[in-house]
Each structure stands twice: as structure tokens, then as C-alpha cells.
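See structure below.
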């Protein structure tokens, strides 16, 4: 008897609650229809570039001023691993952001069913081909590439002039003799931040892939088992280049982190380091008078093949397919790359290398490293950064396998076999 | 009849909310995890495919990385649990004596526990990499000139050191409360019988603080088995995955390699292992407890 009473009370409560829920829902629906024009819509942007957060916020405020009905909410989680985990959590909890970053290539494939096709957007025709490649799938463009970045060996021009390195090294042998000269002058040739797995596992080793006669065919071959890294000539050559940087590098490279290496370079303690134009601001803040440029990472003596820097697109903004404010999100993206303010921020504030032909940047805006990279691209001496084509998680595996080689635990041949095993494990 | 109903109401009132959140935050995700461990979900896709036990098969036959991290974590747990308890107990033992700076010292030793593990890890990373290098340049002691965090051995001991630094203070507080509860009359009687300090420590103090040892061992084992934050901020598993803990291996599998199913399978196996080990430990140390 008692139990039944309890159950009936509970049921009654549930019913009342349900009724309330239904009512309130209808209420809001009615409201939106009545005065939908005044409804403020919020577009959330989820991204990981910590260095552009402030600028993005300022851009968002300016956009809101022009579009009073739209609110832009920029959320940032730094570091690519944490960013990805955060993004997944957001989608899993049903709060997928309206605009988010995507790395392109395999990441695009991974997220494809969540991403809106943007091919009809006005800026699509202006994307430079190299930047469009990572976000293009079956002829459709899925993202807005925001910037280009590139890396190679950043070098100190003053030190190079002082020890008399002229012309600049374009091949492995020339780099070796340059390192010798610098070392003889009592300066450390290379600052190696091999504590950072991404420096070697993601960026560095992509050079070995790009030196293959046909990089894409090689990667396809790895995936279907017809090609192998084990014993591959270009990987063994790359290992030789790494050995060179170790022989002519700082002490304890495996405990040297990114900041330490950049500081060494900026203070003139080292003449070269494997880095990209994203270090420009940091070097400028330590040593504003630094006179520097960027060199390729040559792994052989065939300059035509190997003497190239690597450029890629780190951030592509994409739109959530299931977003309720898709149109507003697209408006914001369009505004970012077409408004005067957006254009100015991309070049002057973020110091990005623009990816759209409609945005022009002067060397003063971008800094010396970026403008040298642009020169390389214009001369056709640039590899695309294909690290986005590795299977998920391979960059980290590569990083640890390469560190094992750098620590001298395995020889080059064994190292290539471990690289192949890492690929096979995750392909 | 009426009284029983009241009791039920009270129980529901006090335990109900906690129970509800416990179910929502722990039980439901746990069951979901069990489900995902039988699928090939990548963490993103809208469709989830049932794959049966194949994740567990991969785990046992084709994943040396996981077992390496298991060995690392076990080694770390053995060393970490013993040392952190010894250090915590020694601190507590010294600080229950009438020292002038007693309260300040207690606060200082407890302080690292208040700072989050992630932050501590980054601070210590700086100390190991920059601080030790500077000391080496000043003193030329080879201990500081080692490649700290740069090879498997120093990486391992680096994490052990920071773990002790982080957690010893907490265990110290538990030991202090237990030590001050050791009855005075027994200590006095022993003194009159002519027992020296060592004898007193071994035959009176330690048996009487066994309940605290049970708690502290339990805490230390579960902390060190599940270590993640210090590990992540200090070495991030490097160099070459030699210091990757199981928790980190699981995280990487699920979120980096995008193999959520395999990750949850590992997590499930890990849960069972930790549960068994801590249960055995509590049984064993409980049997050693005595009453004054």
C-alpha cells in the first residue's frame, strides 16, 4: 500500500515536471518567432593559437560593432594535443563550437562528417594552391587557411659573415663545412632542442619524406605496404644530417627545450637552429638587432632536390556542420579575410604569411624570416609540410623513436626499422 | 514502522544527492567506458562499430608500449610508495618533537601539496634543466651535470623526486595525527623500563600507527599508480617513451592516436589491476594493526 502511494506521487511529480518542460519550450519557441530579429546569436570560435588570442578578441569586438545581432565568443586551448582532446570533449557533450581549427589532410578526413563544405564562399578562389591542398577533399574546400608557416635552419647572418661562409650552404657537404668553420671560430654551430618531440617527429622528419622522388606515392605505399622506411636512402641521409647537428651541437640536446634553444640562438651563442618563422617575435623580444635568415635542411648533395625549406598551413578555420548559426559563422570568416581591419591584423598584428592572393604583406610587416620564406616559395624552393598526412599519433611515435636514435641507443639502420614499425602500428 | 520510514527519509536526504552525483559522474562514465572498450570508436565519428573483444586481443598480443608503461609504472609505484612513506613518516616523527619552528615547518612541508601537480612539474622541469645546470657550473658536482630528464634513469628519478616532494607533506599530516594519539602512559612505562628511542619506535610507535600506515599506503599506491600530471609536465613520457605512465599511455591512445575504444579497454584493465592491488594491500596492513 505504502509503496504504491509513493510510486504514484513520484509519477505525478514526473508528469508535472514534464508538463512544465513542454510549456517552457513552447514559450521560447514562440518568442523567437515573434521577435526573431532582436535575438542575439552567439558564434563560438574554438582555436589553439595562443599568440593570436588578443588580436582575435579585438577583431571579434570590431565585428560585433558592425553586426549588433551577433556575438563572437573566442575560446582558446593552447597546445595541439590538449586542443584536440578539448574539442572532442566539447562535441561529446553536445557543445561543439561553431568555428574551430583543423590541421588539414588526415585531420580533415577524421573530422569530415562534422565539417561544413565551404566551397561556395567568396574567398575560396583566392586561396593560393599550396594552402588549399590540405583542406581540399574530393574537389571541395572545407576550411579557411589563415596563415602559412615555414621552417628550416634559422641562421645568424652576422656570424656567417664573420667566419666567412659565402655562398650559403645548399647541400649537405656545404652545410658540414660551414658547421666546421663556425665551430673552429669557437661558436656552437647548432642549438638543438631535441627535448621537443614535435621538432623532430613532426617537422624535422617531414624533410626525409619530401626528399622521396614522389612523396605522395611513398606515403600511399607505406599505407598499403608496398613501400618501407626501413633502409630507405633518404631516411638514412636524414639521420646523417641529425648526426651532423649532434656532432656540432650544444651539450645535452635531449634536455634542451624550445625556449632554451631559441635563447641560445638569440644571444648569439649558437649560429643555427631548426625552427620556423613563429620564433620571430620571441627572438625579436630577446635581441631586437638580430640579423637572421633561413636555410634549407639539405640531406644530400643534389641541391635541386634537397635545397628547399618547408612551408605549411598550421590553422584552418572550419565551420561546424551541425551549428545553428552556420550563416553567421561564415559571415565572420568572410569578414576576417575581406575587411580592412581583418587584413591588417593578419599581416601586421599576427605577422602571418597570408594565404589569400587578396591580402598583401610587406617584408616589414611579417619580419625577416617570413619574408625570406615567401622568397623561397616564389622561387619554387619550398616543400609542402606533409606531416598532416601521417596517421594519427605517428608524429609522437616518430618523436620518441627519433629521440632514441639521437640518444645513441640505436644505429641509423635500426632507427629506420623502428620508424616503419611506428607507422605500421598506427596506419 | 513509522520510525523506519523516517530513517529512510533521512538517509535519502543526506546520501541521496551525493549518490546521485556519484552515479552521474563515476558510475555512468564507467559503464559507458565498458561499452566503448568493445567498439572501435575514434572519439569523433557519429557511428560506433561493435568489435567484441578485439581491443583486448590487440592489447595482450600487439601492444608492447602499453606493457612497457606498465613496467615503468610498477617500478615507479614500488620506489615511490616506499620513499614517500618513509619521508612522510620521518617528517612527522621529527615534527612531533618539541621543536621551536614546529608549526612553520609543518606548513612548509605541506605547502607543495597545495600547489597543483601540473604546476609543480613545470617548476621542477625548470629546476632540473636550468637550475641543476647552473649549480653544476658553479660547483662542478657531477650529480648536477647529469642529463636530467634527458635519459630514462634521470627521468625516472626526476619523477620520483617530484612525487615525494609533492605528496610527502600530506602523508606527514596523517602520520602526525596518528603519532600524537600514541598513549602517553605506554611511552612513559617503556621509558621507565629502560627502552631506548629505537626500541620505542620499533616496538611501540610503529605498531600503534599501523592504522595510519594502512591509509597512507593505500593513498600512495593509488596516487603513484595513477600518476599523470607530474609525468606530463615533467617529461611528457620522454625521452623516447621511457617514462610514460599507464595513465598517460591510455590518454595518448584515446586522444592522440584517436583509438578511443582501445584506450578504454586499457583503462578497464588498469582499473581492475589497481583495485586488486589496493585491496590486497589494505587486507595485509589491516591484519598488522594492533590496539593499545
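Yeah, the Cβs are placed from backbone N, Cα and C, and that goes for glycine too.
TrEMBL lists B:70-281 with the feature domain 'ABC transmembrane type-1'.
Under the heading transmembrane segment, TrEMBL lists B:12-36 (among others).
Sequence annotations record features per position, and here TrEMBL assigns transmembrane segment to B:76-96 (among others). If you look at the transmembrane segment (B:76-96), the same-chain residues 6 or more away from its ends with a CB under 8 A from one of its CBs are 102, 105-106, 109, 156, 159-160, 163-164, 167-176, 179-180, 201, 205, 213, 216-217, 220-221, 224-225, 227, 245.
Remote same-chain partners of the transmembrane segment (B:108-129), defined as residues 6 or more beyond its termini with a Cβ less than 8 Å from a stretch Cβ, comprise 91, 95, 148-149, 158, 161-162, 165-170, 172-173, 229-234. As annotated by TrEMBL, transmembrane segment applies to B:108-129 (among others).
Under the heading transmembrane segment, TrEMBL lists B:204-225 (among others).
Within the chain carrying the transmembrane segment (B:260-280), a Cβ under 8 angstroms from the stretch's Cβ atoms is held by residues 33-34, 36-43, 51, 55-56, 58-59, 63, 66, 218, 221-222, 225-226, 246-247, 249-251, 253-254, all 6 or more beyond its ends. The transmembrane segment annotation in TrEMBL covers B:260-280 (among others).
Packing against the transmembrane segment (B:12-36) from elsewhere in the chain are residues 48, 260-261, 264, 267-268: each is 6 or more residues past its ends and has a CB under 8 Å from a CB in it.
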